[in-house]
Ligand SMILES: [Zn+2]
């Protein structure tokens with residue numbers, strides 16, 4: 001007892017010492033009792049507060065990077081803040097962001113380029129709860145694992161809760177169709193939206209509205225040839241585009257208008273183009289930013305189908321091609337893409353409009369927003385293209401976070417569908433792949449390497465970051481599988 005009393009003052013002193021240091025510096029060696037912390041160059045910015053859901057983070061380092069603790073991102077002890085933000089009340093709205101082919105590597109590259117090594121992305125990096133999920137797919141008609149999935153299998157996983165084979169949409173590995181979270185939300189009375197920068201028939205948006213055996217079955221002709229069991233003339237549900245029209249989300253925005261030139265081969269609209277079918281089904285069809293802005297209402301009487309490109313929407317940034325030993329060349333910067341005209345809505349534009357149109361529904365809404373060309377530019381080893389689309393994703397997330405500030409019953413989830421090729425490598429590495437050097441915001445050379453294939457680059461099998469904000473956000477923490485996302489969203493909305 002006497003020994004304990006003697007130890008008490010020392011214990012109090014130690015605790016007080018710890019309490020004074022809010023930086024939680026982790027070091028492999030024992031830190032000194034009072035580490036000489038240099039004052040930050042700029043005072044820490046107070047993080048934005050959202051009533052009911054706790055604080056968003058502002059994880060930028062504000063100190064001198066070479067100083068002890070100067071590069072730390074943690075502003076304060078977070079235990080109480082996280083406790084206060086925990087809630088499992090039923091959500092009214094879910095906004096799900098998917099960065100296609102976007103894992104930690106793509107986020108790091110975009111952050112370094114746009115914000116510098118110690119900066120942070122104001123959308124992607126502010127989430128209080130983060131985790132990771134596995135993304136593997138299965139082989140067709142089999143339990144066999146495929147460690148490198150495609151966007152069709154991964155979209156089916158998060159949209160329907162079931163693993164499937166690469167190329168399959170909305171069906172399990174044995175061909176059985178499963179309802180998507182969008183279809184279930186719609187049935188339960190939620191308004192629904194589906195937004196992308198790629199063709200609307202591309203895997204991510206398509207998995208929410210269709211069940212087909214092959215992801216390339218965009219229109220009636222491809223479906224007849226490659227997915228015959230899905231074709232209308234064989235009593236199937238039709239092509240991806242025909243199923244998109246019949247699913248009838250309240251708001252659908254993206255590219256892929258070319259397929260609408262095709263004619264239906266069977267059914268009530270046989271011989272008519274898919275344009276004519278959409279008109280007959282009372283869709284409002286804006287085709288540029290001005291006509292999108294002019295839309296006032298989107299509901300089941302007059303849903304919105306915005307088509308802003310024949311294929312994918314043009315990317316935001318362009319830059320030098322990756323080449324062998326490109327990392328050893330002088331660094332450069334990205335440029336705006338002249339093909340990205342002001343008349344074409346950006347991902348933040350489409351996100352803002354979709355939220356605006358969907359939020360009037362009393363029951364709430366489910367909205368999926370994809371930045372789809374992060375993946376496509378990764379395939380092309382185009383670092384600037386990839387960075388621009390990651391920044392567009394970040395900007396779209398900021399739009400949703402603004403909405404959540406005044407609508408705390410909103411769950412925002414941000415994730416990717418699978419990992420991809422791009423890696424930050426040494427500026428002096430002798431890589432067998434293609435690389436390019438860019439100046440980051442720190443005016444520092446950063447080399448990005450693409451080396452998963454000799455030609456078009458391939459997906460990779462690493463786990464992908466999950467992040468969330470709002471009620472039920474804590475479920476996104478730790479290690480999950482992609483299929484967990486479907487159940488997390490379904491439970492959050494109270495859908496049986
Ligand atoms: Zn891909």
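From the backbone N, Cα and C atoms, a Cβ is placed for every residue, glycine too.
All TrEMBL annotations are machine predictions without curation.
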Among 276, 370, 389, the candidate listed by TrEMBL alongside 100, 202, 204 for Mg(2+) is 370
Of the recorded positions 202, 227, 370, 375, 418, which ones put their CB under 6 Å from ligand 1? 375
Taking the Cα of residue 227 (disulfide bond) as the centre, which of the recorded positions listed as 100, 151, 202, 370, 379, 417 lie within 10 Å of it? none
Given the recorded positions 202, 217, 334, 370, 379, 384, tell me which ones have a C-alpha lying within 10 Å of the C-alpha of residue 151 (active site, phosphoserine intermediate). 202
With a 10 Å radius around each C-beta, find which of these binding-site residues (202, 370, 417) has the fewest other C-beta atoms nearby. 202
Protein Cβ atoms within 10 Å of residue 151 (active site, phosphoserine intermediate), excluding its own: 27
Rounded Cα-Cα span from residue 217 (disulfide bond) to residue 379 (Zn(2+) binding site), Å: 21
Of 217, 384, which of the disulfide-bonded residues has the most Cβ neighbours inside 10 Å? 217
